[in-house]
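Undergrad: Sharing a structure, written as structure tokens. Questions coming.
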Amino acid sequence: MRVLGIESSCDETGVAVYDTGLSGSAALRAHAVYSQIALHAEYGGVVPELASRDHVRKLLPLVRQTLAEAGLGVGDIDGVAYTAGPGLVGALLVGAGVARSLAWALEVPAVGVHHMEGHLLAPLMEDDPPEAPFVALLVSGGHTQLVAVDAIGQYRLLGETLDDAAGEAFDKTAKLMGLPYPGGPQLARLAEQGTPGAYRFARPMTDRPGLDFSFSGLKTQVLMAWRDSDQSEQTRADIARGFEDAVVETLSIKCERALEAAGTNVIVVAGGVGANKRLRARLQQMAERLGGRACFPRPALCTDNGAMIAFAGALRLQAGQYSPPKVDVTPRWDMATLPAV
């Protein structure tokens, strides 16, 4: 089954073709992503109306490009998957409208995919994928969650952020230190030049039971340290390193607790912050110490992309789960309400 996947929940336009007749990483026939970073940079953040309009301009050309790279014609598609939520309602509607129109014209089934389920399942596209049960750390600009995965489609929320998501904390911290948008990746690169231990910040909520997160206080600590410093380039790098170390250690501590609570030693990490090198290394070390595995998607599939939507959609289409023939999106959507596959 060849499934066309469309992602348009925020500021990336993603399209991919996933072929269930192939195995491992080869099943991803082609994928392409267009990022709107340059469009939103002058505003310091995503402008929803501009995001929607840019999806309108870029989506169909990206579909044509992806099909060409896969060596397929539009008539070779057996199903269409699209992000139905959560996300920006206007941006979601662009992708849903194109997906439903293609499915209707081709007379093939279509299914709306939960954006975060797409992230969660992305590591399963790699060679030697993990098998449930496992714990997933979903860590991005909009979400920081620990989820127990009993089976595909059977999810239990173990913990989540009570305020800022980890990726959001990276971006906001970078902005208050004067780094350009998008700040998170810039801060991570700067942290590589920082001196370990020069600044040590709190590891929020690790001194108490539970699996929830809070990063707003950490952001305030960084702000105070930056204001009281000489604000030199080396100090900027040292503070960035201290902040990154605090976030990475906090996530690692909570992940280990979540594995113990869920009774497994396999951790799956997905979402934009999952591309962070220091986080990957720390969780890999933790999993090996526990005799388990830490599984990640390739860095290109950590950020929003059509590949994860095509894959998640293919699993549901193969299970006979189709969406009603209408353009419908769910900007706020609890992943625990999804049906099992």
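Note: Cβ is positioned from N, Cα and C throughout, glycine not excepted.
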Undergrad: Please identify which of D304, D328, D334 is recorded by Swiss-Prot as part of the Fe cation site containing H115, H119.
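TA: Between D304, D328, D334, Swiss-Prot records just one in the Fe cation site with H115, H119, namely D304.
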Undergrad: According to Swiss-Prot, L138, V139, S140, G141, G142, D171, G184 bind substrate; identify which of N265, N276 is listed for that same site.
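TA: According to Swiss-Prot, the candidate sharing the substrate site with L138, V139, S140, G141, G142, D171, G184 is N276.
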Undergrad: Taking only the Cα atoms, work out how far G184 (substrate binding site) lies from H119 (Fe cation binding site), in Å, as a whole number.
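TA: That separation, Cα to Cα, works out to 18 Å.
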Undergrad: Write down the Cα-Cα distance for G141 (substrate binding site) and D304 (Fe cation binding site), rounded and given in Å.
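TA: D304 (Fe cation binding site) and G141 (substrate binding site) have their Cα atoms 11 Å apart.
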Undergrad: So for H115 (Fe cation binding site), how many other CB atoms are inside 10 Å of its CB?
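TA: So the number of other Cβ atoms within 10 Å of H115 (Fe cation binding site) is 27.
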Undergrad: In terms of DSSP three-state secondary structure, what is the assignment for V139 (substrate binding site)?
TA: strand
Undergrad: Using a 10 angstroms cut-off on Cβ to Cβ distances, just flag whichever of G141, G142, G184 is the loneliest among these binding-site residues.
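TA: Checked G141, G142, G184; of these binding-site residues, fewest Cβ neighbours within 10 Å: G142.
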